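*Asks:* Dumping the structure here so I can ask a few things about it.
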Amino acid sequence: MGCAPSIHVSHSGVIYCRDSEESNSPHQTTTISQGTTTLHGLFVKTDAADSIPSVLAYQSRQPPPSAGPRRKERRESGGASARSRTPHCCSAEAETQTSSSSGKASTTEVQVGPMRLTQYPIQVLLVFAKEDNQSNGFWLACDRAGYRCNVAWTPESALECFLDKHQEIIVIDHRNSKYFDAEDICRSIRAAEPSEHTVILAVVPRTSADQEETSVLPLLDAGFDRQFKENSSVTACYNELVQIEHGEVRSQFKLRACNAVFTALDHCQEAVEITDEDHVIQYVNPAFEQMMGYCKGELIGKELTELPKSDKNSADLLDNINTFIKKGKEWQGVYYARRKSGDSIQQHVKITPVVGQGGKIRHFVSLKRLHCTNENNKQLFKSHREDKYTGDNCQSESGSYKYKNRRKDSVDVKSVTSQSSDAPSLQTRRYSSMARIHSMTIEAPITKVINIINAAQENSPITVAEALDRVLEILRTTELYSPQLGTKDEDPHTSDLVGGLMNDGLRRLSGNEYVFSKNMNLSHTHLPVPNTISDVPPCIAQLLDNEESWDFNIFELEAVTNKRPLVYLGLKVFARFGVSEFLNCSEATLRAWLQVIEANYHSSNSYHNSTHAADVLHATAFFLGKERVKGSLDHLDEVAALIAATIHDVDHPGRTNSFLCNAGSELAVLYNDTAVLESHHTALAFQLTTKDSKYNIFKNIDRNRYRTLRQAIIDMVLATEMTKHFEHVNKFVNSINKPMASEETSPHSEGSDTECTANIKNFPDNQTLIKRMMIKCADVANPCRPLELCIEWAGRISEEYFAQTDEEKRQGLPVVMPVFDRNTCSIPKSQISFIDYFITDMFDAWDAFAHLPVLMQHLANNYKHWKTLDDLKCKSLRLPSENNN
């Protein structure tokens, strides 16, 4: 034996004895267990302890020494050396043995489909209460087969040894229950997770010829896999073990290797779904859960027919898919699926039948990734606006995606480039682009971009080339920044707002033309003589003292000025920004001009009147006072912005562009159904201004300055037209927000506002983007006003939309915004949709540039107000209790 073994106590109180000379060998560990204990409900019977006062727990052992002819036979067949035992006078007996196996413990190559595996030598655990011919038979069989063998004499040590080594085969003595309960040992081992891939063999007593064969079911119920009739022949034991190795163990080894495959599936970015032949879901990976919004537990075991279906798929498509897969053919194409939230998404799908038991199709494997169109990618960007404004920090059902945008259905470059190709043809050839336009001789900037992408595809990997193809598909669209909304699955309030504000509304009934009965006066022959306002009434002056505050109450000014607040506020604001000095015009001319413009706003409109114009002017002036905005613009830009705000809705009829186009109005015909009102506002404003020198504020500036100023004004007013909303916002984000953010986070940048604004001034296009964004935000800033002002504006715009719906019904016109029916409309829902779709992201971008904490706080508070009303199913502006007060 050599040096004395070192002994230490494990965490379970079991004593380990390791021979110092053989300490590096995994076969030299001996465990000594004392006394009688209870472990996992197992009780070691006292008579076993009495009969074996020194219990050898588990050991790596050698065959027993030869004793007579049988021992000699085993030694010759097993090639085993003698075993030495060193007795001790203490209560425990330590035993260390050295095995010199005659079998070759070599590795084996195993193939699982295309996967090549290496199987290491089999480990066997023998669980016997005492040493006898049967235990020695299995011991020698393990030695012959080259298996690594451990022996445990107690239930405790058996479980501990298994948890330590995870043996592939366990042999448990089931012949006599005097010493321990074999079935309890089996159940205890089966309760451990590693036992999933272990084969447990029960050694049962031999039955005589006149005895009836016992049922194997109780053994199977206890967790055994097989039974072995008592037979101490080494060859019989060897045959049994080898059969188990090449049968159950080899199969379990292959199954265990599947853990690597499932790990890969769990981290795969493509959605994977596996069903059986009856289309019952058997597996989905996390990417599938994220894409569809379901949890795995909601899907496993359900038939596909039980899940909601999108009605966008044609019956022919579904029949085509079934025809393919029933014949064992792979199908791939574009398919609409419905998420848990009810949204329809368009997917690239590949369904592969898999042959299983009986040579029949037993599984269908579906690989899914989002189709690269605007309509379906909104799920990747959707976040709960409610979370943002109510302070909740819960994850969205589609996962914790960084970008919160349920509206801008643009494609995230990261998500596109991460998607890999499914098509087998892509393994041999590159997906050719449909946007190759190298032959063009005149290149616009966009064609240059496309050509650069095409060139980059030539030497790119398949996945990159495919991603670039999707980019080209997007670039070929005419509306690069506009979202595409689903018609059936979208929120009706959002759909109606988009239809009313962002479309031309051309939905004529066949064979009919409509004449718009105008309530506006286009001939302005009789205009009031401009009043001299040298002495402003004290009540008005007192109100105007607070006009630089964002919380300025425009409705109080409206009341004290008899619905003509634009002149008074305009004079105050224009004086503050030096407009008269820039235009080189007198204050009288400016007053006269303001009076003319205000006279052409319709006081009969509930919303689009001169109070709205004054409100937008106030917001524009407030934005111009912010440090970063002021530093980015020139004096001419400031003057243009203030004039544009003043005239931006002049002569508004209280109807949307869609209404005018559907009605075939004179204005729609004049402006070819394109930006009808915005074109009219600017055209009429300049007509009125230049018509009479008494109110021509441009008469004293030179031609070049006038043209520059005029173009800036026109550009800003046209920017308020909602069909280009997302184009303006996205350009601002990409050209202003992102470069500034990069500059601020750069380690080489000082991050000063002065430096940032100086850079913007060097690029006139950036100044244009800022001016557009500024007037757009000013035009729809109502949700960012104090709550009482926000509520008033919401009531006014709703009333105007109600009136339009009433007139559309009277005239038999298409109803552009059906939800704005005064009898059924929920104003809180309409406000929530408007904020979600148009306001939040635009003001997030504007706030990131101009720094507007007060506005953003009002927006959050107002959103909570509307959400509270909506949650309580209240359709009015306030709760009934608030209305009573």
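Every residue, even glycine, has its Cβ placed from backbone N, Cα and C.
Given the structure is predicted, the values throughout are model-derived calculations rather than measurements.
Here TrEMBL flags 55-109, 388-429 as region 'Disordered'. Here TrEMBL flags 91-102 as compositional bias 'Low complexity'. Per TrEMBL, the feature domain 'PAS' maps to 264-328. For 415-429, the entry in TrEMBL reads compositional bias 'Polar residues'. Per TrEMBL, the feature active site, proton donor maps to H608. What TrEMBL lists as AMP binding site is H608, N609, S610, T611, H612, D649, D779, Q831. What TrEMBL records for H612, H648, D649, D779 is Zn(2+) 1 binding site. According to TrEMBL, the Zn(2+) 2 binding site annotation covers D649.
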*Asks:* Whole-number answer please: how many Å between the C-alpha atoms of the residue listed as 'active site, proton donor' and D649 (AMP binding site)?
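*Replies:* Just about 7 Å between their Cα atoms.
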*Asks:* Roughly how many Å separate the Cα of S610 (AMP binding site) from that of H648 (Zn(2+) 1 binding site), to the nearest whole number?
*Replies:* 10
*Asks:* How many whole Å apart are the CA atoms of T611 (AMP binding site) and H648 (Zn(2+) 1 binding site)?
*Replies:* 12
*Asks:* As a test of the contact definition, list every same-chain residue at least 6 positions from H648 (Zn(2+) 1 binding site) whose Cβ is closer than 8 Å to its Cβ.
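*Replies:* Long-range Cβ contacts: A613, V616, E678, H681, M716, V717, T720, I775, D779.
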*Asks:* Would you identify which of the binding-site residues N609, T611 has the most other C-beta atoms lying within 10 angstroms of its C-beta?
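*Replies:* Within the set of binding-site residues, the most crowded position is T611.
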*Asks:* What is the number of other Cβ atoms found within 10 Å of the Cβ of D649 (AMP binding site)?
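*Replies:* Neighbour count, Cβ to Cβ under the 10 Å cut-off: 24.
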*Asks:* Over all shown protein chains, what is the count of other CB atoms within 10 A of the CB belonging to Q831 (AMP binding site)?
*Replies:* 28
*Asks:* With Cβ-Cβ distance below 8 Å and at least 6 positions apart along the chain, what are the contacts of H612 (AMP binding site)? List them in sequence order.
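*Replies:* Listed in sequence order, they are D649.
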